[in-house]
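A.B. asks: Before anything else, here's the structure in question.
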Amino acid sequence: MLDTNMKTQLKAYLEKLTKPVELIATLDDSAKSAEIKELLAEIAELSDKVTFKEDNSLPVRKPSFLITNPGSNQGPRFAGSPLGHEFTSLVLALLWTGGHPSKEAQSLLEQIRHIDGDFEFETYYSLSCHNCPDVVQALNLMSVLNPRIKHTAIDGGTFQNEITDRNVMGVPAVFVNGKEFGQGRMTLTEIVAKIDTGAEKRAAEELNKRDAYDVLIVGSGPAGAAAAIYSARKGIRTGLMGERFGGQILDTVDIENYISVPKTEGQKLAGALKVHVDEYDVDVIDSQSASKLIPAAVEGGLHQIETASGAVLKARSIIVATGAKWRNMNVPGEDQYRTKGVTYCPHCDGPLFKGKRVAVIGGGNSGVEAAIDLAGIVEHVTLLEFAPEMKADQVLQDKLRSLKNVDIILNAQTTEVKGDGSKVVGLEYRDRVSGDIHNIELAGIFVQIGLLPNTNWLEGAVERNRMGEIIIDAKCETNVKGVFAAGDCTTVPYKQIIIATGEGAKASLSAFDYLIRTKTA
């Protein structure tokens, strides 16, 4: 199951175990059970602190296995294959169970240990999902730290019947105590906040105690990370707040145009950015979103950022780097069937539609790439483009047109998502040339029509254009003194990762120039 390189790496990790780990498998006669048995046996051979045994009498999913300590039944369970993107989740579960500490903040770990209540989590994932590991790892860690928290990570490809029965049409999909809990990427902090009543209030109280910053960067994607590094290198008090470190690149799989890095993945790049930021004295505030900007009353005064949790942070200068989010179609049925057939991530959710008919909305690079990827999984793909021609690179268009199970419809205006009350069953569109209405029967709709800036919270505070982008000059200055902006949330042309990082650096230098030239009020 594991090649020589993987075994060598895993053996090195297992040397960090400080207490014994037991792998308890519950198997049947399936081929998948045989694979898991082989995998666990190989892992046990790599360390004298790891043992493996079978107990097929347990009333749990088959095949599955528990990662625990001898004499205990506490710990995370994997049902199905833990390979692909989830192999890292498996390795971390082994380390945490074996006594190796998590890198999460001690205050958060203590909060998890003291959560009062019984919670049985189930997370459905796909092996190609790059968003799933964050959720699986967060819940695995919680199950290691708190005996009243159980977690089973379930491979949707192995347990397809459960995917169908529960109408899971997007991953990661999390259930707690048998009820839907959440869909999509969630951080450990966000999960804890949802089950630990009072956590948000405590977080706000703690943030309110923080001293004013010289520069506070709102948004922790590439632009925000670059701004934080450049600011901290100037020796000024720097804060960096955001909902999730990495921002939109966490939803990007392959990145091949970040100069000097021939190929990487969004999560890897986000991780590298975090490591770089952590090299400097930056106060990183995770899982916090801004709800309002209150500009300083006088030049040189303190600007205020109100957070969604109710906290107020103050700073002499602000850099807004809140990025953008997926654009919606804004048609009837889209909201109702979001995660029930309407999705925005072909890499995460594509495997859930294996053998089914789907549509991709949008003929730009992202839409055409999605259609190409999906064509190798699903029965049939219909790509609908609003304009008379696709905007994707010609090499991508040529590849798409070569695929036999893909139809391309131009001048198509999507008008409605059709459903049966629980899931998507079709799509309605209007031919923009003839005006005729057409219906397509399908199970999934992948929306790839661009991005919208995350700037609604700035209403009335800074000038924005009709698209909602923050209007900036060549130095990333807004119309408000001491407030700067960078990246995809601004009017800067071409929304690219490398451009965002450059703009973040520029905004930081401009903010520093403002600080040294402006007398404190």
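Including glycine, each Cβ sits where the backbone N, Cα and C put it.
Keep in mind that what you see is a predicted model, and the values were worked out from it rather than measured.
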A.B. asks: According to Swiss-Prot, one residue in Lys201, Lys340, Lys354, Lys423 is annotated as N6-acetyllysine; name it.
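C.D. replies: When Swiss-Prot is consulted, N6-acetyllysine appears for Lys354.
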A.B. asks: Tell me, from Cys348, Cys476, which cysteine Swiss-Prot puts in a disulphide with Cys345.
C.D. replies: Cys348
A.B. asks: Quick one: which of Lys53, Lys209, Lys263 has N6-acetyllysine in Swiss-Prot?
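C.D. replies: Lys53, according to Swiss-Prot.
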A.B. asks: Spatially, and counting Cα to Cα, which of the recorded positions is closest to Ala226 (FAD binding site)? Options: Lys53, Lys354, Gly363, Glu369, Ala371.
C.D. replies: Glu369
A.B. asks: Looking only at Cβ atoms, how many others are within 10 Å of the one on Asn365 (NAD(+) binding site)?
C.D. replies: 15
A.B. asks: Measuring Cα to Cα, how many Å separate Cys348 (disulfide bond) from Ala371 (NAD(+) binding site)?
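C.D. replies: So the alpha carbons of Cys348 (disulfide bond) and Ala371 (NAD(+) binding site) sit roughly 14 Å from each other.
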A.B. asks: Pick the one among the binding-site residues Pro222, Gly363, Gly367, Gly482 whose Cβ has the fewest other Cβ atoms within 10 Å in this structure.
C.D. replies: Gly482
A.B. asks: Among the binding-site residues listed here, Asp214, Glu369, whose Cβ has the fewest other Cβ atoms inside 10 Å?
C.D. replies: Asp214
A.B. asks: Expressed to the nearest Å, what is the distance separating Cys345 (disulfide bond) and Gly367 (NAD(+) binding site) at their Cα atoms?
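C.D. replies: That separation, Cα to Cα, works out to 10 Å.
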